[in-house]
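In Swiss-Prot this protein carries:
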type	residues	note
MOD_RES	1	N-acetylmethionine
MOD_RES	32	phosphothreonine
MOD_RES	36	phosphoserine
MOD_RES	277	phosphoserine
MOD_RES	342	phosphoserine
MOD_RES	380	phosphothreonine
MOD_RES	383	phosphoserine
MOD_RES	435	phosphoserine
MOD_RES	454	phosphoserine
DOMAIN	524-790	domain 'Protein kinase'
BINDING	530, 531, 532, 533, 534, 535, 536, 537, 538, 552	ATP binding site
ACT_SITE	646	active site, proton acceptor
MOD_RES	820	phosphoserine
REGION	837-856	region 'Disordered'
């Protein structure tokens, strides 16, 4: 008897060792694949081409970009530009209307905005806004945007973004609540480390994507068949139908990396843990598995075999499953499953009733369970290729009593965490303020969608897995007063219900002639969109006289009182100043309501910022001409008591070869008896901001706000930075990447500003006079207008030019008094012969001719 037991034990040990060797060989093969992948990834161009060939998915792009960023540490200017270029390339090839519901695509957009914030914070706001519009259902997109605004000192804007995220139903809600709480506590980080850990699990599970990407991870994502199978099983487990593309399993993926280290690293502002991270499984306690098992027990729907396998693996990880026995058979009936089999889980018992006397599983049973799992996995992988999309119909359930005395708890605290990512709501624009309708899957009760879960009954418990209604945050469509009012198309969309938020927001470069804007009864046809920023958009339009104008549209529904006041100031300043100078952009018409503002303005060819980016080298005469235009425009606003305080290249536009000033959004009007004004907050662009606008000059606080002084000399500093950019190709402090270090360098007198030698000595002198930190010692606009650099320098040939001009006047004077063609021809021949012989002008004859003209 003992001999038989020894023989049986030896056979079991041999079997275990054999399986361990197989696993070891499998790991070695995967490591070899990873090394090959690393060699391939050394050539980024080849990697990008490979991504395009295998499907061009956001998951592959994010996997590549994270690895590229990890290898780019520490970050410098060249690497930063390279990263921004790669992220921009990814966004260009990934259409937002197709991947707007994809988490990996959202993280790519957010990370690009964060990198732009490092390089140029002014441009970063547009990228954050783009990410918010394209991927509004993800909470981390809104939190990242709010964190950026908070870092720029825009507390109200940050709070407004978080409130709007809650209204639109962004998930997970817990992340937004945490960010809102920290914002009210005046913390610098909206998601501290301890809060990031608490929301990481819910963030990953709410996505329910096979390639759950993390903003806080810089490791490669596993996109193997195993991960796709488990993620698909999780979605079936919670009542979601598998799309056909997820039911199919790729036989080979060149980006497979199944054994890479999974750890949470600070990447961006909202790091979370992956679903396949070891830390996640460590945190999976028995209570979560208990509730999951209880839910399976109450289900009357036949679930595929892969769902049962996933549940069995969860039990094994929690240490709750036995190697064999009736309880295990209740969980996974049958010993030889097939890929097409499904099982009734009606008789599954809650986990509390399973025999759990021992907290730890014995070594023999653990090895047996592991061998069964390996066998089941191999069969499941083969069966997944035949798996088809199932459409389970949930029968009406009557309330059931829990078999345990313990009150049921929701596995996840956020009721919106299980919103299926692949469900896109159908939003139809309406003129009223009602929320748009949403198409709900058959297994959902539309009336109970988005309700708060309760533990009173099973129905209340299941409500935590309902799909939340996404609220429309776009302006109501009005056929007579919206830039997106395509009258015929809009009526058709309202009838068919095919409009989406993205479709109602985006305007193509070559738009239809049906797109029009009505301003004070005048109709303007939209040609294209030429700019956007924040809540405003600029369109190139054609007026009724077939003249090209620009219309600036501002959405006021989400704007606070300070923003609305800034736009009203802009209109008032334009009306006031355009009468005194042609260097100010012209305002032809405007319309103001509580919902929007329309401004019909002069249309420029290109703004100065875009022009500088396109020009490799600037002609000295162009630079001098544009510099004089800027001085004249700023001099006019200073004469009318206005300090712009946010001058930058984007505030100037080129119109028919002349530079004109635009955008007075944050300008302030000074009183006649003052030389400076006190602002309630720091505004302006860091690269062009004067030191006195950064430093607390007043040493006083009002309503807990730091007040700073700005004066006309502050605009001189900004103009000097623009001229520095036009001369050297960068701003004086652009090479300093860290924003805090940049601010210190601007206000620190010990930090010397570099002025490399150039051929134009007067230009270098102007730069030195403008970039003086002490505003009292800084040059003024009138002094700059009289500076030798602005004046046209006389050339040696100027006297010769004046002589040629006099000769031309003489010739024209001889011809202008003649009437008959014969006289004109005779005089012309005489003049030609005289100049051809070198005789030149006869002054006496010229004077005589002038006297004859006077007598006539």
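Backbone N, Cα and C define each Cβ position, glycine as well.
Quick caveat, the model's predicted, so the values are computed rather than measured.
Shown on the structure are the features that Swiss-Prot records.
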residue: 530; record: ATP binding site; CB count, 10 Å: 17
residue: 532; record: ATP binding site; CB count, 10 Å: 16
residue: 534; record: ATP binding site; CB count, 10 Å: 15
residue: 536; record: ATP binding site; CB count, 10 Å: 20
residue: 538; record: ATP binding site; CB count, 10 Å: 21
residue: 646; record: active site, proton acceptor; CB count, 10 Å: 23
residue: 820; record: phosphoserine; CB count, 10 Å: 8
Taking only the Cα atoms, work out how far the residue listed as 'active site, proton acceptor' lies from residue 536 (ATP binding site), in Å, as a whole number.
-> 17
Using DSSP with the three-state reduction, classify residue 534 (ATP binding site) as helix, strand or coil.
-> coil
What is the pLDDT of the domain 'Protein kinase' (524-790) when averaged and given as a whole number?
-> 84
Between the C-alpha atoms of residue 532 (ATP binding site) and residue 820 (phosphoserine), the distance in angstrom, to the nearest integer, is 61
Maximal Cα-Cα distance (Å) across residues annotated as binding ATP, namely 530, 531, 532, 533, 534, 535, 536, 537, 538, 552 | 14
To the nearest whole angstrom, state the Cα distance for the pair residue 530 (ATP binding site) and residue 820 (phosphoserine).
-> 55
